[in-house]
Amino acid sequence: MTTLQERVAAHFAESIRAKQEAGKVLVEPTVQAAELMLQCLMNDGKILACGNGGSAADAQHFAAEMTGRFEKERMELAAVALTTDTSALTAIGNDYGFDHVFSKQVRALGRAGDVLVGISTSGNSANVIEAVKAAHERDMHVIALTGRDGGKIAAILKDTDVLLNVPHPRTARIQENHILLIHAMCDCIDSVLLEGM
(Lines of atoms letter the chains of each structure in order from A and count residues from 1; the text may use other names and numbers.)
(Lines give C-alpha, C1' and ligand atoms only; values in the text may rest on other atoms or scores of the structure.)
Protein backbone atom coordinates (compact mmCIF):
# COMPACT_ATOMS: atom_id res chain seq x y z
CA MET A 1 0.00 0.00 0.00
CA THR A 2 1.27 3.45 -0.95
CA THR A 3 1.89 5.88 1.90
CA LEU A 4 0.69 9.46 1.74
CA GLN A 5 4.31 10.56 1.59
CA GLU A 6 4.86 8.37 -1.47
CA ARG A 7 1.74 9.78 -3.12
CA VAL A 8 2.94 13.35 -2.59
CA ALA A 9 6.43 12.50 -3.86
CA ALA A 10 4.83 10.91 -6.95
CA HIS A 11 2.95 14.16 -7.63
CA PHE A 12 6.20 16.12 -7.57
CA ALA A 13 7.93 13.60 -9.84
CA GLU A 14 5.07 13.48 -12.34
CA SER A 15 4.77 17.27 -12.39
CA ILE A 16 8.48 17.63 -13.12
CA ARG A 17 8.28 15.08 -15.95
CA ALA A 18 5.19 16.76 -17.42
CA LYS A 19 6.93 20.14 -17.46
CA GLN A 20 10.03 18.67 -19.07
CA GLU A 21 7.94 17.02 -21.80
CA ALA A 22 5.95 20.20 -22.40
CA GLY A 23 9.16 22.21 -22.55
CA LYS A 24 10.35 20.11 -25.47
CA VAL A 25 7.47 21.30 -27.67
CA LEU A 26 6.19 24.56 -26.20
CA VAL A 27 9.15 26.96 -26.00
CA GLU A 28 8.80 28.35 -29.53
CA PRO A 29 4.97 28.57 -29.51
CA THR A 30 5.13 30.35 -26.13
CA VAL A 31 7.47 32.97 -27.60
CA GLN A 32 5.11 33.33 -30.58
CA ALA A 33 2.18 33.84 -28.21
CA ALA A 34 4.05 36.48 -26.21
CA GLU A 35 5.03 38.29 -29.42
CA LEU A 36 1.42 38.22 -30.60
CA MET A 37 0.28 39.79 -27.33
CA LEU A 38 3.06 42.39 -27.47
CA GLN A 39 2.05 43.38 -31.00
CA CYS A 40 -1.55 43.73 -29.83
CA LEU A 41 -0.66 45.79 -26.76
CA MET A 42 1.75 48.08 -28.62
CA ASN A 43 -1.05 48.86 -31.07
CA ASP A 44 -3.39 49.91 -28.24
CA GLY A 45 -5.23 46.61 -28.32
CA LYS A 46 -6.45 44.49 -25.46
CA ILE A 47 -6.29 40.88 -24.37
CA LEU A 48 -9.46 39.03 -23.35
CA ALA A 49 -9.12 35.78 -21.40
CA CYS A 50 -11.59 33.03 -20.57
CA GLY A 51 -11.88 29.51 -19.20
CA ASN A 52 -13.92 27.41 -16.76
CA GLY A 53 -13.16 26.34 -13.20
CA GLY A 54 -9.40 26.25 -12.67
CA SER A 55 -8.97 27.69 -16.16
CA ALA A 56 -11.20 30.63 -15.16
CA ALA A 57 -8.84 31.22 -12.25
CA ASP A 58 -5.90 31.09 -14.69
CA ALA A 59 -7.62 33.65 -16.94
CA GLN A 60 -8.06 35.96 -13.94
CA HIS A 61 -4.51 35.33 -12.76
CA PHE A 62 -3.19 36.28 -16.21
CA ALA A 63 -5.30 39.46 -16.40
CA ALA A 64 -4.09 40.47 -12.94
CA GLU A 65 -0.45 40.02 -13.98
CA MET A 66 -1.09 42.26 -17.00
CA THR A 67 -3.06 45.06 -15.34
CA GLY A 68 -0.97 45.03 -12.18
CA ARG A 69 2.47 43.55 -12.63
CA PHE A 70 4.27 40.25 -12.94
CA GLU A 71 7.64 40.54 -11.19
CA LYS A 72 8.80 44.04 -12.11
CA GLU A 73 7.20 47.46 -12.08
CA ARG A 74 5.93 48.52 -15.49
CA MET A 75 3.02 50.25 -17.15
CA GLU A 76 -0.44 48.75 -16.85
CA LEU A 77 -1.40 46.52 -19.78
CA ALA A 78 -4.94 46.07 -21.11
CA ALA A 79 -6.23 42.61 -20.21
CA VAL A 80 -9.71 41.56 -19.13
CA ALA A 81 -10.83 38.22 -17.72
CA LEU A 82 -14.30 37.42 -19.07
CA THR A 83 -14.96 35.21 -16.04
CA THR A 84 -15.49 37.85 -13.36
CA ASP A 85 -18.73 39.73 -14.11
CA THR A 86 -21.36 37.60 -12.40
CA SER A 87 -24.21 39.74 -13.70
CA ALA A 88 -23.09 39.33 -17.31
CA LEU A 89 -22.31 35.62 -16.86
CA THR A 90 -25.66 34.82 -15.27
CA ALA A 91 -27.73 37.04 -17.56
CA ILE A 92 -26.14 35.63 -20.71
CA GLY A 93 -26.22 32.10 -19.30
CA ASN A 94 -29.89 32.41 -18.38
CA ASP A 95 -31.03 34.09 -21.61
CA TYR A 96 -28.78 32.43 -24.20
CA GLY A 97 -27.24 29.38 -22.52
CA PHE A 98 -23.90 28.73 -20.83
CA ASP A 99 -22.20 28.05 -24.17
CA HIS A 100 -22.46 31.78 -24.96
CA VAL A 101 -21.25 33.40 -21.72
CA PHE A 102 -17.87 34.28 -23.24
CA SER A 103 -18.71 34.71 -26.93
CA LYS A 104 -21.26 37.47 -26.25
CA GLN A 105 -18.63 39.35 -24.25
CA VAL A 106 -16.03 38.84 -27.00
CA ARG A 107 -18.42 40.31 -29.56
CA ALA A 108 -19.14 43.26 -27.27
CA LEU A 109 -15.55 44.03 -26.24
CA GLY A 110 -13.28 42.56 -28.91
CA ARG A 111 -11.90 44.51 -31.85
CA ALA A 112 -9.73 43.60 -34.82
CA GLY A 113 -6.16 43.07 -33.65
CA ASP A 114 -7.13 42.19 -30.09
CA VAL A 115 -6.15 38.80 -28.65
CA LEU A 116 -8.31 36.14 -27.01
CA VAL A 117 -6.59 33.78 -24.58
CA GLY A 118 -8.86 30.74 -24.38
CA ILE A 119 -8.01 28.16 -21.73
CA SER A 120 -9.44 24.63 -21.68
CA THR A 121 -7.62 21.60 -20.30
CA SER A 122 -9.61 19.28 -22.58
CA GLY A 123 -9.76 21.62 -25.54
CA ASN A 124 -13.47 20.83 -25.72
CA SER A 125 -15.15 23.45 -23.52
CA ALA A 126 -18.16 24.57 -25.55
CA ASN A 127 -18.16 28.14 -24.26
CA VAL A 128 -14.46 28.57 -25.02
CA ILE A 129 -15.03 27.14 -28.51
CA GLU A 130 -17.79 29.71 -29.06
CA ALA A 131 -15.47 32.45 -27.78
CA VAL A 132 -12.82 31.40 -30.31
CA LYS A 133 -15.40 31.55 -33.11
CA ALA A 134 -16.52 35.00 -31.96
CA ALA A 135 -12.91 36.20 -31.83
CA HIS A 136 -12.40 35.05 -35.42
CA GLU A 137 -15.54 36.94 -36.45
CA ARG A 138 -13.96 40.07 -34.94
CA ASP A 139 -10.62 39.48 -36.72
CA MET A 140 -8.92 38.85 -33.39
CA HIS A 141 -6.00 36.50 -32.85
CA VAL A 142 -6.40 33.52 -30.53
CA ILE A 143 -3.94 31.95 -28.13
CA ALA A 144 -5.34 28.62 -26.96
CA LEU A 145 -4.03 26.85 -23.87
CA THR A 146 -5.22 23.26 -24.05
CA GLY A 147 -4.23 19.76 -23.01
CA ARG A 148 -4.31 16.14 -24.13
CA ASP A 149 -4.69 16.26 -27.95
CA GLY A 150 -5.90 19.88 -28.11
CA GLY A 151 -9.52 18.85 -28.61
CA LYS A 152 -12.00 20.71 -30.80
CA ILE A 153 -10.33 24.05 -30.12
CA ALA A 154 -7.11 22.94 -31.83
CA ALA A 155 -9.14 21.97 -34.90
CA ILE A 156 -10.71 25.43 -35.38
CA LEU A 157 -7.62 27.59 -34.91
CA LYS A 158 -6.31 29.61 -37.84
CA ASP A 159 -2.72 29.76 -39.05
CA THR A 160 -2.37 33.16 -37.38
CA ASP A 161 -3.41 31.74 -33.99
CA VAL A 162 -1.12 30.03 -31.47
CA LEU A 163 -1.80 26.66 -29.86
CA LEU A 164 -0.12 25.94 -26.52
CA ASN A 165 -1.13 22.32 -26.04
CA VAL A 166 0.21 20.44 -23.02
CA PRO A 167 0.64 16.82 -24.15
CA HIS A 168 -0.46 15.14 -20.93
CA PRO A 169 -3.63 13.20 -20.04
CA ARG A 170 -4.00 14.39 -16.45
CA THR A 171 -5.89 17.62 -15.74
CA ALA A 172 -3.78 18.59 -12.72
CA ARG A 173 -0.55 18.36 -14.73
CA ILE A 174 -2.09 20.33 -17.61
CA GLN A 175 -3.19 23.09 -15.22
CA GLU A 176 0.26 23.25 -13.64
CA ASN A 177 1.78 23.69 -17.08
CA HIS A 178 -0.79 26.32 -18.02
CA ILE A 179 0.22 28.56 -15.13
CA LEU A 180 3.88 28.03 -16.06
CA LEU A 181 3.09 29.06 -19.65
CA ILE A 182 1.23 32.14 -18.40
CA HIS A 183 4.18 33.15 -16.24
CA ALA A 184 6.61 32.54 -19.11
CA MET A 185 4.54 34.75 -21.43
CA CYS A 186 4.35 37.48 -18.77
CA ASP A 187 8.12 37.33 -18.40
CA CYS A 188 8.64 37.58 -22.17
CA ILE A 189 6.34 40.59 -22.36
CA ASP A 190 8.11 42.30 -19.46
CA SER A 191 11.53 41.52 -20.91
CA VAL A 192 10.66 43.24 -24.19
CA LEU A 193 8.93 46.21 -22.59
CA LEU A 194 11.51 46.82 -19.87
CA GLU A 195 14.75 45.58 -21.39
CA GLY A 196 14.13 45.87 -25.13
CA MET A 197 14.94 42.20 -25.77
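Any Cβ shown, glycine's included, is placed from N, Cα and C.
As recorded in Swiss-Prot:
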DOMAIN    37-197  domain 'SIS'
BINDING   Asn52, Gly53, Gly54, Glu65, Asn94, Asp95, Ser120, Thr121, Ser122, Ser125, Gln175  substrate binding site
BINDING   His61, Glu65, Gln175, His183  Zn(2+) binding site
His183 (Zn(2+) binding site) in three-state DSSP notation:
helix
Which ones in the same chain are close to Ser120 (substrate binding site), with CB under 8 Å and 6+ residues apart in sequence?
Gly51, Asn52, Ser55, Val128, Ala144, Leu145, Thr146, Gly147, Gly151, Ile153
Do me a favour and check the Cα-Cα span between Glu65 (Zn(2+) binding site) and Gly54 (substrate binding site); whole Å is fine.
16
Using a Cβ-Cβ cut-off under 8 angstroms and a sequence gap of six or more, which residues of the chain neighbour Ser122 (substrate binding site)?
Thr146, Gly147, Arg148, Gly151
Could you state the whole-number distance in Å separating the C-alpha atoms of His61 (Zn(2+) binding site) and Asn94 (substrate binding site)?
26
Between the Cα atoms of Gln175 (substrate binding site) and His183 (Zn(2+) binding site), find the distance and write it as a whole number of Å.
13
